[in-house]
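Q: There's a structure below that I have some questions on.
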């Protein structure tokens, strides 16, 4: 059991506390000079892998991130939390902005095969695009079973038991390893990296590779036409009677 290896995908996103601003040309959002951090769902995925390692159920944790050189900061955070080594799939900034779930899934699938991992952990979604697709696509490319929105993960021999919340209650899945698991908010509460572990993380290895080295084509078939701010909410109008309300609703075409 202790020979299991886990690959954890971590994404660098604009920090959740930052107010998002759209570029003047509406081609995307402003990222230059903006604070970034690890996607919160990815933090949960890292934490779960580390907890399994602390229970001596996982031997090695590899953190991987796709994007520009700044992604190494995100990988260092994962290393400080307890991951053993990192892989940075270096993608230039302009190309990284158009990176979609399918392109990332192709990279992760190749790395999972190359590293011969037994578990692939991801956050269920990223807070920047909210796609909730990468884990499912990766499982499809690998032809591995998947447990999405995991709120509890238990290793049982050559299987992983995943408990997930659904509309009608809880669903329990048993997946034969290797498998893909995506983390939901209720799975755990990620730890803060301590200063000693942050210092140790600086000495841990981060391997830098190109997507081409993995034989992955990052060409996207999806193009962004325009990114716009949400419309401003218009001021409300007070009405005195029900008749006035009905008349006003008819006036604006609501009824």
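Backbone N, Cα and C atoms are what each Cβ position is placed from, and that goes for glycine too.
Taken from Swiss-Prot, the feature N-acetylalanine covers 2. Among the features that Swiss-Prot reports, AMP binding site is placed at 9, 39-42, 66, 123-134, with the record citing similarity to another entry. What Swiss-Prot records for 183-205 is region 'Recognition loop'. Residues or ranges marked as N6-methyllysine by Swiss-Prot: 200. The annotation N6,N6,N6-trimethyllysine is assigned in Swiss-Prot to 200, 203. Per Swiss-Prot, N6-acetyllysine is recorded for 200, 210, 238, 248. For 210, 248, the entry in Swiss-Prot reads N6-succinyllysine. What Swiss-Prot records for 223, 226 is phosphoserine, and it gives similarity to another entry as the kind of evidence.
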Q: Using only C-alpha positions, which one of 9, 123, 126, 129, 132 is spatially nearest residue 226 (phosphoserine)? These are the binding-site residues in the record.
A: 129
Q: Counting each residue once, how many in the region 'Recognition loop' (183-205) are helix, strand and coil under DSSP?
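A: For that range the per-state counts are 10 helix, 1 strand, 12 coil.
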Q: Among 200, 203, 223, 238, 248, these being the modified residues, pick the one whose CA is nearest to that of residue 132 (AMP binding site).
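A: That would be 223, nearest by Cα distance.
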Q: Calculate the distance in Å between the alpha carbons (Cα) of residue 210 (N6-succinyllysine) and residue 41 (AMP binding site), and round it to a whole number.
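A: That comes out at 25 Å between the alpha carbons.
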Q: Between C-alpha atoms, which of these recorded positions comes nearest to residue 248 (N6-succinyllysine): 126, 129, 200, 223?
A: 129
Q: For residue 132 (AMP binding site), which of the three DSSP-derived states applies: helix, strand, or coil?
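A: It is coil.
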Q: Among all protein chains shown, how many Cβ atoms are found within 10 Å of the Cβ of residue 9 (AMP binding site), not counting that one?
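A: Step by step: centre on the Cβ of residue 9 (AMP binding site), count other Cβ atoms within 10 Å, giving 30.
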Q: Using DSSP and collapsing to three states, where does residue 41 (AMP binding site) fall: helix, strand or coil?
A: helix
Q: By Cβ count within 10 Å, point out the most packed of the recorded positions listed: 132, 223, 226.
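A: Max Cβ neighbours within 10 Å, all protein chains included: 132.
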Q: Determine, from DSSP, whether residue 223 (phosphoserine) sits in helix, strand or coil.
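A: The residue in question, residue 223 (phosphoserine), is coil (DSSP, three-state).
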